[in-house]
């Protein structure tokens, strides 16, 4: 019987080949630690990358939030309205970090000097309340003002001073402003919230009444025929006044007489810089452009604003005139948007200017908001204030109002109200523009009346003009009486 033959075994590979086929034991054992090291390094690198992206994202939000600190998102502040320069979607994206920043700022520690001022302010506040309860309102008022000067952003000081103004001084408008500021700083302050809920509707009604009274004066001025000699003289004088005060707000030292001389004769004034001359000539060019073109236009475009600015800086800086800035700028405590955001923000501003919603606003409110929006964006390297005031007056003129004169004597108030708008409350700035509008209307109505007195704006002595303007800053007795009767009635309805 045959058997299956055994297969010969394959020849053994050479020793060198066998070493390559079967690597040393120590190399195979070290593959697992090496693989583990790579995984750990990959995990660490991924974690660092994720943390870096998160940090950059948060830092970007914080940087943008610093620009948005004046745009409160809490509904009870009642200021999420047409003045915001960012969209609702963008504000919602910042809400979480905004709330965190508010809580952080409320609990922030103070420096030694700041804490000393706050302690002194609180002592003054307690003394003021004692004086008020004792019926010594004058002393109480001075102590409240001292406390506010020491701690202008302390919620308790703002709240108690507001209550004093509301109940003792019957100044509900200013009281409501302080309640608002207290809420902006401390959104959870229940007393400030309750006070504001009580005063908000009354103040809104008072503001509406004020705007209606401006319409009545505007209509009275419109009834005067253009051929009226006194009206023509008043317009000419107001033209000089407008340019003089607008450049004066920015620091121009020309007197009213010198400004008039430059505009009428085109002759240089001794002892004054070329730039000061050119600022006046630039305003003259811009005013003529408005009268010849913009007043008749239905819509105001970015190109129109650039053309306006080009004339404002045409003699001072023709290279930058009519061009958006290319650098970051800083205006006091306000940090305007970066140059990379200007194109988008100006496009939104243009849409808002010509929107159907804006057309429903009162002309003074609309013009003041446009002024604030543009000066907040701060699109130019220089001339933002002058251009914003010119745009404001363009919108007012289209609604039948004369160009508003903001007196240079009111420069500090003007900037103060812009600062309050940056902090969240646009209403004081709108009221300030309404005050200036009323004074300008009074200028024309007084000039065209049969009254023998000169009006404050037309007095040739500038010190007299400033003194008379200061007197007009406060409402007269009849106006105060009307406001008090309305508020004390408690009805909240117009009489």
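Placed from the backbone N, Cα and C atoms, the Cβ positions cover glycine too.
Cβ contacts within 10 Å of residue 378 (active site), excluding its own Cβ and spanning all protein chains shown: 20. Residue 378 (active site) falls within neither a helix nor a strand when secondary structure is assigned with DSSP, and so counts as coil. Feature annotation from Swiss-Prot assigns active site to 378.
Summarising the annotation, Swiss-Prot assigns ATP binding site to 250, 331-334, 382-389, 414-415, 422 and lists similarity to another entry as the type of evidence. Long-range C-beta contacts of residue 387 (ATP binding site), restricted to its own chain and to partners at least six residues apart, with a cutoff below 8 Å, comprise 286, 305, 308, 309, 312, 374, 380.
What Swiss-Prot records for 1-27 is region 'Disordered'.
Swiss-Prot lists 121-154 with the feature repeat 'TPR 1'. Below 8 angstroms of C-beta separation, residues 160-161, 164, 168-169, 181, 185 of the same chain, each at least six residues beyond the ends of the repeat 'TPR 1' (121-154), sit close to that stretch.
Distant neighbours of the motif 'Inhibitory (S/T)XXXE(G/N) motif' (246-251): 259, 276, 279-280, 283, 385-386, 389-390, 406, 408, 411, 414; these residues of the same chain sit at least 6 beyond its ends, with a Cβ under 8 Å from one of its Cβ atoms. Taken from Swiss-Prot, the feature motif 'Inhibitory (S/T)XXXE(G/N) motif' covers 246-251.
According to Swiss-Prot, the feature site 'Important for autoinhibition of adenylyltransferase activity' maps to 250. Taken residue by residue with DSSP, residue 250 (ATP binding site) is part of neither helix nor strand, so it is coil. If you draw a 10 Å sphere around the CB of residue 250 (ATP binding site), it holds 15 other CB atoms from the protein chains shown.
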So how many of the residues in the repeat 'TPR 1' (121-154) end up helix, strand or coil by DSSP?
27 helix, 0 strand, 7 coil
Within 10 Å of each Cβ, count the other Cβ atoms, then let me know which of the binding-site residues 334, 383, 385, 389, 415 comes out lowest.
415
Separation of alpha carbons, residue 378 (active site) and residue 332 (ATP binding site) (Å):
13
Quick check for the class: what is the C-alpha distance, in angstrom and rounded, between residue 415 (ATP binding site) and residue 378 (active site)?
14
Mean per-residue pLDDT computed across the motif 'Inhibitory (S/T)XXXE(G/N) motif' (246-251):
95
When DSSP is mapped onto helix/strand/coil, what comes out for residue 383 (ATP binding site)?
coil
